[in-house]
């Protein structure tokens, strides 16, 4: 138990080192403007010649459209491109503009606004045919940029396999930890388990145990940083598609044993048909998905689904291959399901909860937007429970846990469903909505342990941590999920500077 404080400090210190932590799905707003705009490529979905050859092309074209859109608004090419790279190509125009404005307000060096924006004209000042809310177009600048982007696009497509291999090797030589292609960790259920050897440093052997989750595909060197702060333990990479009907590629740095793991019962549905059997009636033969992509924090707009319906109706339900590809691109991107004839609809919040392993109506009582965001940022319960199952025999009378950035209680629900009593839980979560959802679950399940809630890490000082250790006999398990938002990162940095000593390794 003497290592508890060091483990906590290492987790918090790591979180503070990442300035631009990526979200697996990208920070797309709920009311997605990319699918609402006049430039939405589904406007011409019924025209086979307008279709892109593949999804990679579609992503590049979408990025190009948004770059041109921002340039049209008199943003510089560099700042527009950097905003899209930082936020992701799926981010709406409104969110990209907010990002650039935030950089200006923060007076950062990465996104200087060297040219003032035009004043947005009112309707009386608009020229015929001009789009409302946008300044006059600099056609020459727009044409030059389009030609430049096209050259880059063609060069990228004609790049030889050898040069790509050299680039990959150049990047990887700076990284010690490699992300495996097949993310099965130390073995997955119902599959032959390969033999793994892992020797933990003596000071990392629990209890206390620690478990730190993060998105698998992080920037170069991030996993090496995490490992360095946590006793040089390499992550276990796991894709939740082995545990549920949706992919969710994550890495876990932990000191838990991995022998004799077992699944939660009942075993969750592993395919879309099993999870949502009512969709089978309307599922087209050319949609061969068996799994969803990662659960987003948002959904596609109603206008997008209407455009898909209109496009399929034009072809009588039997569209050509290129139109199928374009529809499938949107279905995969937004996890659309077939709920009627030609109707590709977003998942409902309760379907999100079910696939992610949460109780029915776990997030009910909050707005639809808040529910999607809360579940999309949460743990996948069945995956985490599989890892935690080794704790059942160790703590038959209960467990004392510290949860950093605990969200809507995915880790706590996993322990509860495994039958491990929660004696004391210190939960640190900055989102009021998430805290309320977790508190409701705690009360509804008649938990008998102690629940201590803190709003953010600034409230967790070294003295307070020591008080909890003295009162409850130390923590048996420390669980952390990486904070993706800027507010959480700033709070972590503030807590480190104000309260917690920095561990040096």
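Positions of Cβ are set from backbone N, Cα and C atoms, glycine also.
Curation does not apply to TrEMBL; its annotations are automatic.
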Residues flagged as region 'Disordered' in TrEMBL, choosing from 98-117, 118-137, 178-197, 198-217: 118-137
Matching range for TrEMBL feature annotation, region 'Disordered', among 155-174, 235-254, 255-274, 275-294: 155-174
Within the predicted model, mean pLDDT of the domain 'SAM-dependent MTase DRM-type' (196-505): 87
